[in-house]
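Peer 1: Quick one: the structure is below, questions incoming.
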Amino acid sequence: MKKLQDRIRQDGVALNDRVLKVDSFLNHQVDSALTMEIGQAFAAEFKDERVTKVLTIEASGIHFALATGAALGVPFIYAKKKKAVTLTEDLYTTSVHSFTRGETFTVSVSKRYLSAEDRVLIVDDFLATGDALLGLQEIVRQSGAHLVGIGAVVEKSFQEGRGKLEATGVRIHSLARIQSMSPEHIEFLEEEAVVSK
Ligand code: 5GP
């Protein structure tokens, strides 16, 4: 998505060669119009998949899931993060390690909102190590729902996440794929080279 790449070049701040700050337009202050376009881009990519639910993880995936759900005309669900969950019988749960916080969370979704009849599109803000998205994939697996694909707003292609997800056979669509970055420069993989399976 050219517009997103341009905005990352303009307003994204690579703190080093691994962490990209995008909190002026994607995950603290949020550009509402750009977020809606991101939702439309995911919806267009997966329009033939008869998606019934969009799934994300709190907090920074929520607005992208809202925009995607609105574009597809379906509800979205956000998995909740807790340090520990005591009562789990009504929940699908798994643990996820946070790349940015260096902590492990229990992530859960109520069994009321996801079932074997659902066709799920997972979206999140970043694909980095892939742990958050693998956790969401595990929640979908527990529910018996069909996973139609994964949408990532920003993919740091130099990290291991895409490879780990591809190994599961899932279709991945990332709107901006960063090949490499430094405080001086952000290099994207060419759009033409972005072949979604
Ligand atoms: P994962 O490593 O599991 O793929 O990414 C987990 C979460 O860490 C993402 O959803 C995102 O919220 C956060 N994250 C990972 N890398 C970055 C980054 O470079 N910048 C920012 N702002 N968040 C990141």
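Cβ atoms are placed via backbone N, Cα and C, with glycine included.
Feature table excerpt (TrEMBL):
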BINDING   LEU20, ASN27, LYS156  xanthine binding site
DOMAIN    36-157  domain 'Phosphoribosyltransferase'
BINDING   ALA128, THR129, GLY130, ASP131, ALA132  5-phospho-alpha-D-ribose 1-diphosphate binding site
Peer 1: Cβ distance under 8 Å to LYS156 (xanthine binding site), same chain, sequence separation 6 or more: which residues?
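Peer 2: In sequence order, the residues whose Cβ lies under 8 Å from that of LYS156 (xanthine binding site) (at least 6 apart) are ARG18, LEU20, PHE126, LEU127, ALA128, ILE178, MET181.
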Peer 1: Which site among ASN27, THR129 has the most other CB atoms no more than 10 Å from its CB, taking these as binding-site residues?
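Peer 2: Result for the most crowded candidate: ASN27.
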Peer 1: Within 8 Å of the centroid of the Cβ atoms of LEU20, ASN27, LYS156, which other residues of that chain place their own Cβ, given that this set defines the recorded xanthine site?
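Peer 2: Those within range, site residues removed, are GLY12, VAL19, LYS21, VAL22, LEU26, ASP125, PHE126, ALA128, VAL154, ILE178.
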Peer 1: What number of additional C-beta atoms lies within 10 angstroms of the C-beta atom of LEU20 (xanthine binding site)?
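Peer 2: I get 21 for this one.
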Peer 1: Suppose you look only at the domain 'Phosphoribosyltransferase' (36-157); what would the mean pLDDT be?
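Peer 2: Here the mean pLDDT over the domain 'Phosphoribosyltransferase' (36-157) amounts to 94.
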Peer 1: Counting all other Cβ atoms within 10 Å across every protein chain shown, which of the binding-site residues ALA128, GLY130, ASP131, ALA132 scores highest?
Peer 2: ALA132
Peer 1: Whole-number answer please: how many Å between the C-alpha atoms of THR129 (5-phospho-alpha-D-ribose 1-diphosphate binding site) and ASN27 (xanthine binding site)?
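Peer 2: It is 18 Å, counting Cα to Cα.
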Peer 1: I need the nearest neighbour of ASN27 (xanthine binding site) among the binding-site residues GLY130, ASP131, ALA132, using C-alpha distances.
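Peer 2: If we rank GLY130, ASP131, ALA132 by Cα distance to ASN27 (xanthine binding site), first place goes to ALA132.
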Peer 1: Around the recorded 5-phospho-alpha-D-ribose 1-diphosphate site, report the further residues of that chain (criterion: Cβ within 8 Å of the mean position of the Cβ atoms of ALA128, THR129, GLY130, ASP131, ALA132; site residues excluded), sequence-ordered.
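Peer 2: Here the nearby residues are HIS97, PHE99, PHE126, LEU127, LEU133, LEU134, GLN159, GLY161, LYS164.
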Peer 1: Per DSSP, what is the helix/strand/coil residue tally across the domain 'Phosphoribosyltransferase' (36-157)?
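Peer 2: Counting residues per DSSP class in the domain 'Phosphoribosyltransferase' (36-157), I get 40 helix, 46 strand, 36 coil.
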